[in-house]
Each structure stands twice: as C-alpha cells, then as structure tokens.
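The annotation ATP binding site is assigned in Swiss-Prot to Gln83, Gly101, Glu102, Gly103, Lys104, Thr105, Asp490 on the grounds of sequence analysis. According to Swiss-Prot, the region 'Disordered' annotation covers 856-940.
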Amino acid sequence: MLSKLLRLGEGRMLKRLKRVADYVNTLSDEVEKLTDAELRAKTDEFKKRHADGESLDDLLPEAFAVAREAAWRVLDQRPFDVQVMGAAALHFGNVAEMKTGEGKTLTSVLPAYLNGIGGKGVHVVTVNDYLAKRDSEWMGRVHRFLGLDVGVILAQMTPDERRVAYNADITYGTNNEFGFDYLRDNMAHSLDDLVQRGHNFAIVDEVDSILIDEARTPLIISGPADGASNWYLEFARLAPLMEKDVHYEVDLRKRTVGVHELGVEFVEDQLGIDNLYEAANSPLVSYLNNALKAKELFHRDKDYIVRDGEVLIVDEFTGRVLYGRRYNEGMHQAIEAKEHVEIKAENQTLATITLQNYFRLYDKLSGMTGTAQTEAAELHEIYKLGVVPIPTNKPMIRTDQSDLIYKTEEAKYIAVVDDVVERYQKGQPVLIGTTSVERSEYLSRQFQKRRIPHNVLNAKYHEQEAGIVAVAGRRGGVTVATHMAGRGTDIVLGGNVDFLTDQRLRERGLDPVETPDEYEAAWHEELPKVKAEAAAEAKEVIEAGGLYVLGTERHESRRIDNQLRGRSGRQGDPGESRFYLSLGDELMRRFNGAALEAMLNRLNLPDDVPIEAKMVTRAIKSAQTQVEQQNFEVRKNVLKYDEVMNQQRKVIYAERRRILEGENLKEQALEMVRDVVTAYVNGATAEGYAEDWDLDALWTALKTLYPVGIDYATLTRRDADGGFDDLTREELLEALLKDAERAYATREAELEEIAGEGAMRQLERNVLLNVIDRKWREHLYEMDYLKEGIGLRAMAQRDPLVEYQREGYDMFMAMLDGMKEESVGFLFNVTVEAVPAPQVAPVQTPEGLAELGAPAEQGGTATAARDEAPTQLRAKGIDNEAPAMTYSGPSEDGSAQVQRNGGDAKTPAGVPAGASRRERRAAARQQGRGAKPPKSVKRR
C-alpha cells in the first residue's frame, strides 16, 4: 500500500522532467554554435550569475545544455532526452531508476556540473575504487574541458592527496572512503589533518546497493586491543569434533547456532573445566559460538577467500573482495583459526557510523540505479528520497523465460553446460551468473572439459573485471560471473567501444590524466575505426539472438536477480534470460523447499527432467519477500539503535570541531573547573548542618584535583562546643571557586615561563581533545556492551529500545561529567615540557592529482599551511601517538558490534584436563574455594 501511495506523484514528476528536457533541447542550436573557448567561458558566467543571487534551479536548462554539448565534443556521446530527464531528477534530490545500459554514468555528468558551479563540492559515490578512478578520468574529461576541477579518493591516498581531491569542484570516490574520511576528520588533532570540507550534494551510483544492501554494514575504525587469545585455536580444534544436531543446532534462516546440553558437557570435558557458564568462564561461550559459526555458516570461496595467508571477506551482494574489512565480535579470528592462517589481534572501536547516518549528513542526496521500485518505501522512509522511473530510450524487447527447477544440483549444472554449449556453437554471447566463487570455478572446469573458451569474473579476478565485462557481448563470448550487481561496465553487443578504444590508446602509452592532449587527439582518430569493427560484430550477435543471461541460482533479493537479467536487452537490443534452479539451492533450502521436493517426488520425474510451474514461481517470490522483509527490519533496527549514538556523536564531534577551529578555550576550561569544584562541594554538604560536613574528606579530594591554597579552618569560627558557627554552603563554595580560579591563573603563568605566551591555550586544546577521545572510546565500548544484552529486557516486559535510550542517555551524561573532572585534573597536574616545533616539509602531489584538482600555480607541490610555533608543549600521558587503526566491516548479521577481550577459564587445581565432571566437582569441594586459572589448557 505504501509503495502505491509513493507512486501517486510519478506522472506529475515525469511531466515536469519532460518539460525540463524539452527546454534544454530548445537551447541546443544556440549552444552548438559556440566555440570550445566560448563553451568553456560559460562556466565562469554561470559562477558569476550564481554568486549574484541566481539559483542553481534557474541555471539548470543552460548548464545542462552546455554540459550536454561538451559531452558530445569530448566523448562523442550526446545524452538522450531521457538522460536529461534523469539528470534533472538527480538535481532535484531523487533516485532516478534507469534500466541497465541507459547511460547512468553519463547522466550524472549534468547534475554534477550544475552543482559544481555552486563551489561547495559535489561527491559522486561509486561502489569500488576502479569505478571511482575510471569515472573521474572518463567523465572528468568533460568537467575539465568546461573548467571544473575533478578529484578522486582512492584507498591508498595520503591525507594531503585526499585534501586536494576534496577541494576540487567534483570528487569521485567510494562510500567507504567518504565515510572513513568523515570519521578520521573527527579523530584529528589539528586543522591541518582535516581533509573533507562539508557535505553539500552527493550522487550515489548503484544507490540501492549502497543505501540498502550495505546499510547493515556500519563503518568502524578500530585500534588494537589487549591482544589475541589462544582460545581461538583451541575451539577451532573442538568444532570439527562436535556433531550437528547432537551437540548443537543451526538455524540457516536466522544464521545462528545453539549449543545443546550434550555440547556443553563435551566442551567442559575437553577443556577440563567444571562449568562453562560460570562467570570466570563466560568468555569461552563466545569463542565456542564463533567456532561453530565459522564451521557451519561461513564457507570458503563463498563468504570469504584465503589469499596470501589472509582471510578476505567477499561481499554477498556484489561478489567483490572487501579489502581491509574484517568481521567483528571475534568472528574473523575464528575463521582465521579454522583456516590455519595467522590470527590477527582483536580490535577496539575508536569511531563508528552507519552508512544510513553518514549519507543523511548531506544537504542534498540523490542516486541512480536500475532497480529501485522494490525498495521505494525504504528509500523514502529512511532517506526521504523519492524514486522516479525514467523511461527507456528504446523499447525493451528482451525475452525473460520462466525458471527451470531440477531435483539435484548435479542435474541442474549438466543442463546449464549443455545450454551454454548450444548457444556458443551458434555464436550467441552468454553471461552465466553464480552465487559463489566455488560455483563459478566448478562451471569453469566443466567448460574446460567441453573445450569452451570462457572468462571467469569473481572475487579472485577482481582486477580484470572491466576488461572481462567489456568483451562479454562479443560473438561467442562466454562469461562466468559471481553477482553481476554493481558491475559498472556495460555489456555492449559487439564489445564496449569506449573501453576497447581506451585499451588501444593505453597500449600506445597514452593516458587521459598523464597525457590529456595527446590522448584526446588519438581518441577521435581511433574511435571511428573501433566503432566500425564493433558494429559489424554486433550485427552478427543480434542475428544469433543477442546476449543470453543464465542465472544458476536465485538470490535472496529480487533486485539482484533483476540486475543480472538487466545486463541483457540494453538500448533496444534483443536478448534472453533464464534461471536454472534446484532443490539444493540455499534459498530453496531456507524457505519452502520441502513442499517442492514432495511435489517432485509425487510426479516421479527423473533428475534430469525440469519442471516449470506457477507454484515454483510463487514459492521463490514468497521466499525472497520474506528475506527482504527480514533484512529491512534488521536495517530499521540498526538505524533505531544507531540514532541514539548519532545524537551523542553529533554533540561530541561538534565539540571537537569547535576546539580544533581555534576558539579561545580559557572560559570553557574555567567553567569546567567551577563545575567540578561545585560538584565536590555539593557532594560533601548535601545533607545535615555544617557540623555534619566532612571537610577533611572534601579537602583531601580537592587537593588531588588542584593545589588548594586555603585551609578550611580559616573559613570557619568555632563555637563553645567546638562546632562550626555561621559557615554556609554558599560561603564555602564561593571561597573555593575563587581559590580554584587563583590556582588556574598561577598555573597559566608557570606554563608561559616554560613555553611562552599562549602555552596554557595549547595545553587546554591538547587536554580537551585527548580526554574527549579517550572518554568517547570508552563510551563506545560501554554502549556496545549495553546493546549486546539489552534484548533480554524484553523478558521483563520492557521495550529494549526505550531501555537502551534511557540508559544510553544516563551513560552519556556520566561520561560528560567524567570528561570535565579528568580534564581539570590534567590541566592542573600534568607534567609538561617545551619542545621545538616540527619542521613542515612540502608534500609532493603526483602530477595526475594536480591535473585532477590541484591549482595550476602549485606545479604539482602542495605545502600544508601551519601557524608558526617556535615551541610546543609536550604533556606526559597526553600527547601519545595515535594507535594503529584498521577499518573493519560487519558481523554476519550486519549490526555494529565491538570486539572485546575474554579471560582465561578456571579449572580446579590439580585436576588434569579431560577429567570427568564428577572428579572435577569433587576436587573443587575438597579445596573449598574457587579454582585458579591454569597457565594453559592441555589437550587430550
């Protein structure tokens, strides 16, 4: 119902976009007459008009006409009217649903150019580094032709290179890099370390993949914790010895494991411990669960691969390797132990944000995808984004065949290979979609046996992705690929002309960034030749039936299936698609597989005879809908809990930024001193009369905070009975506040003698930043610990979310109080020394980056500007080096979790590992006390 309501305004929006495209068309003749220099000068004209008060909406028709003409002159590609409509939808802050092959990348050039004129920056977000680099070079040619700077953010870049890229008018990069840079900026200790300059406008390519599929994936920057435990190896040894459905059970749908009583007894006997669930042994439960999950739920060459002794996660939606990403909650270490590779240290969360909350930082957000209607409700509810389906440039004539279902996987793959061989023999290109690296390599071996030339595209061959996809539409091409979702290169019948042309030019040593002039000249010379060759081959492919897409398994998301199908039939080309299924497929096993198997058994069909039935289609659709609803609920739940952290994060990050930007912090520091002293006094004088106050304890506490300069005896008068006379709490507080302010002034004078004027301001900044960071890290740990167990509140008929909000708020306020107290203590008591300021070396910027956005007069060298400081303060215990950081990914359910350390288990002294439970209990009773932890656990 919500989806229907959201689509009510589609007709009006399409009419509005059509009027925009028509208006842009009326300007075409005028723009075509302009010389290259005059076309480029339009950018300066638009910037001036915008600065004089003209809105970007007012400039839209002219700017789009100029960008459209520039694309034609530079790329030999003129955006169609439907692409202009899509571009307008993006500018107005919508998701443009454009089918595969309709030119989404070219469409993004127009709104990026228009919003780049505003000078506040445009972020074009892609799904991987390759596409970010490719688009910044390819589409960047248009922007540079028109006089705009273009930058690209890549994983290996230094902070100085990133700063140059962010200062460009248009910046390309991945969602992870943008998000991690935001987190790093909010961990910086100097303005010079900041790289981003705000969140103005984002265009998200494959928006459903990034904002929906990866929304369960919080971005986490972690630092090393206390160290890894040998328990991972011990439980990796035990897990294979335990039997499924005897020692434990597995729920594939929820992706959980549950240990039976027999399993608990088995582990206790193996480890030589008395009770797995007593407090001292409770960390072992997590090791056990992770070892069983690694055994049953995480499969090599599907969920991860092992390369060069390292476990690398494979994205379940795109099939790409997620370099640098690790499972949390000890899951990655459990998999490393299972695969017998080096177990890397566990991590502590330093900073985290969900992609949902990161992208909601942008003033304006838009996106492109070929499949958004199925997620329109979620995009509207979470991001306030409308979905506008853009008409195709030519009618779609692809034939989508009904699914074929086989009883066994073996029979299914035999049929797949036979079908592909038949298509290959008549010259029809085939794209086979698989769900795992293992399956793609199995099919590859079958094709080798049948001597069918083919390409394999999976996580192991990620680097060759663009080249493989670009030639997948050539005559007789056979391509085996895992999860075609998000593959940014078009499959064009006869071959991708742009890619093939670029490939030939690069073979000649030409590059669009390094040698732009020679590249442009050679491009226009080579392009017609490649076009002619590709057109002749495309004609043969069309006669053979166009691209045939063959899916070997249904994905849990209908969108992924639709994206795979959408690779065929682009721009009015003929094409065909079909899915081959079996009862052994994961989706069928998780949902409704038993009913289908019973039906096939009743029909008594041979294994190699498939069925086509509406029941199959309904069962698959029902299963996919259930999974999508589950995933939506998970994402909504993640967002609800992260919203609590998000409000707290905003407060902390705003405070850090204020400190970094150089505001005089003296008054804030003095206010902290007053607050802490007041809290101490209130605590000591809360109850009773003056004679009941424990001023000795108060003075002892205050002396640990700052050098108290007065004795309370001088503030009081004793009466005949020895009690205090006429001393009020207000008088006591006033005297102590004056004394604390005096002590602060004395401290400031001492520091200025050591390091000159402004030394106290420098110490205030260092102390506040370090205390904020340390307390925030501790708070993240505590909040994750709270979230981990908050679900149990439901057993007491309490709403876990409400409890999390309430306790999270109390913990946050307690953290702020602790922050004040710790800061005041450091300001008064930390030992400092003056050291020479470090010399600033010029930062060398690669020539390519200078082209992509560095000012011309820099000549390829950028020098970070810093205030001159002859000396700096070094505070012991404060100016510590930042810990080594890692950038980790999701746990298996996508929720944000922190890895924590466990302790060692306890065993009764003198009882060998492997003794029976009765023997261990008897030994414990004889000792009459708790057991001591052994130095190690012996194996049987």
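Cβ atoms are placed via backbone N, Cα and C, with glycine included.
What Swiss-Prot annotates, mapped onto the structure for a quick look.
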residue : record           : Cβ contacts under 8 Å, 6 or more apart
Gln83   : ATP binding site : Met98, Glu102, Gly103, Leu106, Thr107, Leu110, Asn393
Gly101  : ATP binding site : Asp490, Ile491, Val492, Gly566, Gly569, Arg570, Gln571, Asp573
Lys104  : ATP binding site : Gly86, Ala96, Met98, Asp205, Met368, Thr369, Gly370
Which listed residue (Glu102, Asp490) has most other Cβ within 10 Å, given these are binding-site residues: Glu102
For a quick check of understanding: given the listed ATP-binding residues Gln83, Gly101, Glu102, Gly103, Lys104, Thr105, Asp490, what is the maximum Cα-Cα distance in angstrom, as an integer? 16
Going by DSSP, is Asp490 (ATP binding site) sitting in a helix, a strand, or coil? coil
Taking the centre of the Cβ atoms of Gln83, Gly101, Glu102, Gly103, Lys104, Thr105, Asp490 as the ATP site, the remaining residues of that chain with Cβ inside 8 Å are Met98, Thr100, Leu106, Thr107
Specify the count of other C-beta atoms within 10 Å of the C-beta of Thr105 (ATP binding site). 18
Would you identify the secondary structure of Gly101 (ATP binding site) according to DSSP, in three states? coil
Looking only at Cβ atoms, how many others are within 10 Å of the one on Gly103 (ATP binding site)? 19
